[in-house]
Amino acid sequence: MQRRSATADKLYDVRFRQRLRRALRAPLRAILVWGLALALLLACGLAYVLAQDRGNRLAAAQRQSLALATGADRLLQLELDNLSQALRGEGVGAQALLADAPARAPALIEASLRGLLRRHPELHDVALLDAQGRRRFGGPGDPHVREWALGSRRNGDEVFVGPYRRLADGQAVVTLALPLASGDWVVAHWRVAALQRIVGGVDAGRDGVVALTDTHGLLLAASSAAAGTTGTRIRLPLGLVRGRPQGSAMGMHHAVFGQQARMLAVSGGGDYPLLAVAGLSVREALAPWWWFAGAALSLYLLYLAGFGYLLGSLRRAEGRQRQMLERLRRGNEELRLAHEMGGIGTWRVEADRGHVLLAEPTGTLFGAPQLRLSLPAFLARVHDDDRARVEQLYDQALHGNGEYNVVYRIHSLDGGLRWLAARGARVQGRDGLCMTGAVQDVSERLEAQARLFDAERQFRLVFERNPLPFWLFAVDGLRFLEVNQAAIRQYGYSREEFLGMTLLELRPSSEAERLLQDVRTPREGFDAPSVWTHQRKDGSLLSVRVHSADLDFGGVPARLILAEDVSQRMADERELAFRASHDVTTGLLNPRALAEALDARHQAGYAVAYVRLRGLALIGATLGQAAGDAVRCAVAQRLRGLGERFGLTAHQPSQDFVLAVLDAQQLPQALQALLEAVSAPVHGGAFTQQLQAHVGVALCPDDVAGAEETIGSAAQAAHAAQAQGRSVARFERSMSARIGERLRLAGRIHQAIARQEFELHFQPIMHAGSGAPCLLEALIRWPQADGSYIAPDQFIQLCEDTGLILPLGRWVMQSAAQARRQLALHGWADLPVAVNVSALQFFDGDLVADLGQACAAAGLDADALHLELTESSLMRQPQQALEVLRQLRALGVSVALDDVGTGFSSMAYLRDLPLDTLKIDRSFIADVHRDARNASICEALLTLGRSLGLDVVAEGVETEEQLQWLRAHGCDQVQGYLLGRPAPLAQVIDALGTRNAVTA
């Protein structure tokens, strides 16, 4: 029987699995079908949208090209109308002079024609011809004027436009002819170059073209070189010009201006036989469309990926759900195990038979190996101390004298004891009277209760022995209910004193109302901590962070308090707040805090004086940070007095101070006092310093709106004062414009660095004696679109000011390293390249790492490049400069000191610096062969270089006399236009090869 039952269970499991599999696969098929249909619909929709968008973009480009052609045509018509009126006026005037003053007419007509040419420089010449085209006055004659004029298209009495031609002087012109009533002609040659101005400024995009042609496609002018050469014919589509004597037309065509497809539009052919043709690049017009198409394709692919992921997820879900079959099959077994693990079971006692029947897991609870045992056998497993009580309660319940509810111990199968809670009642079953009920293993619950008791005891210990003050107080009346030893130590009261006090006695009287309001606010768990002021028994105050929670303490609503002493932390926060709004060294406000203070006054009519002190940073760099701070504090002390007198004072590290004059009418007195304060010498322990101040002044609200803007405007004025060498400068709107121009140029520089628009030119440095090349100096150039260059002195200093010199300097090093590699490939492996390094690169950048990376990228050793540093830059921070130079010397890098003699360096520092070369500034080389002062300086520098064991290079050698003088006085190397101008690397390599050939 049991075997048949097992077979039936297996058959049921198989059928159930099949039905479940079919039920799960049906939704999956539906999702697959609908998902593919939606994919097809989405593809069609995206294709339609892309097609519509492409058409719209082409239509927009067509309209734009038509607008450009129409605009150019209008300008052309206006120009021709203007010339027509001018020629008509000359013709009519000439006829009048011939009629009224025939004797004087020739001279007057000639003068009038010359005046016309002066007024219209676009005309090459003007002539008055007779009916046969012979010259009467002005320029040359034209015997064929009637032939081409009558064949030219004309409307009304407008001027005839003749053919394109080139004159004897090579200028391209178009002939204009105006017939007069007398049969004479006024003929002028219109310079084709004048037509270029009509289309030259038209913005047709990067690849767009706007051109002027005649009706046969002869190109007269174009906005781009892509249209072709002036005077050549272009192949205009017949559909755009045939059958259209006037008006405009458009369409998309290929190979009209170059090989690109363009949206063409033609306008003209009205009064004159000239056309305006505009063509916008289809590729440029559709460039955004390709991005749109890519986004649409990405969206479609994203949908397909998501759909595939969904199908995969559903298939995985199907697999998971199939696993439910096995779980359902094992459900009964798991339920049994759950009862066993939960310690729950059922039992039944047949009263008439005296047997105890146990459910399968219950036998384990009762410690019985079988599921049916006699009542005495069951009672034998009950603990001896509990057996009589269990038997008594059972008998009472069996006879209807009470409920069977008992907790007792029983011997388990492993020999241990388990606590059981049994409940039962007498019931009348089919087989007669019986007792039935449930039993639960409560061993863990009782153990948990024991642990809870231990936890309460431990909490008491934590409360009593916690190093932080703890107490309980009644919400009603605020009386203390309990307090720990830490609170007793912290506040100085005894436990008895605490329990006789209220919470109000720990707080200053000023916080009583706030405390009562806080107590009335209910808590759920520990609330967010808050900071209060408490008072000790001795009257001292302390700041505490209070954590509180409401609880029931013996039936009394109470609140538990943990008080954390945060007095030191609050003091630290106050210190941080001071540091956030003040300069720590001087104790003055910082500019932001000053601006907030001025704005908080909500009063206008104040002035701001921004003081820029020159020399403070140099003091710190040369005399030490302590000396620099001492000078700052001395200046700050002077300005603090001015702040108390006139308003407020702030400090902008490290060289700028700000004085806010709250009453603008006192500005003159404040400025005078300010200049006196900052111009007075500053005396230190072992030094006296004279500082130079530049002051910028701005008013509020005369110049700007808010305090921050006012301070900024004053700073701009101070910058202008420093640049102009003035002591005081008032803010002007033009300063913002100049600074804005500098910012725009800085933006252009940033873009130029990113786009690598800069290029390097190289100037050779030669041996003074042999004339052989020693090395090449890399010089940066910034080419422009028009072929010109922006001089380095216009952007290098701006790069220094904005920090852009760091990425620009890295690019120069990388490019110079690549150039050094090219030199090696062309046979100049021993010819180094020298790179100029700015002070910002030297001190604020990682010069050694940048140099190593540039050389490594080019496959060179670090000593392949030489570095040039100015004398003044090294003297900014001599100690740091010495450390960096030592690192470079360790790498074998040769370092030259540039512009020697123009700075104010110490010979002691120069002696200690690990240098290889001195470069004499070009200002001393000028006239060295005939200027005694320059000659003396050069001789001294040459002697200095020899005494230090350094090579000496003379810059700016431009004459043979200078070169001979330097050779005669032992100069090692020379550089200048006489020996070679800066040029691109390819030209320099060619020049070096030519020099070698000549020398050989």
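For all residues, glycine too, the Cβ spot is worked out from N, Cα and C.
Automatic prediction, not curation, is the source of TrEMBL annotations.
Computed from a predicted structure; not experimentally measured.
Range with TrEMBL annotation transmembrane segment, chosen from 289-312, 601-624, is 289-312.
Over the domain 'GGDEF' (604-734), the average per-residue pLDDT in this prediction is 81.
Sequence-distant neighbours of the transmembrane segment (289-312) (same chain, 6+ residues past either end, Cβ-Cβ under 8 Å): 28, 31-32, 35, 39, 42-43, 46, 49-50, 53-54, 57.
Per DSSP, the secondary structure of the domain 'PAS' (455-504) breaks down as 25 helix, 11 strand, 14 coil.
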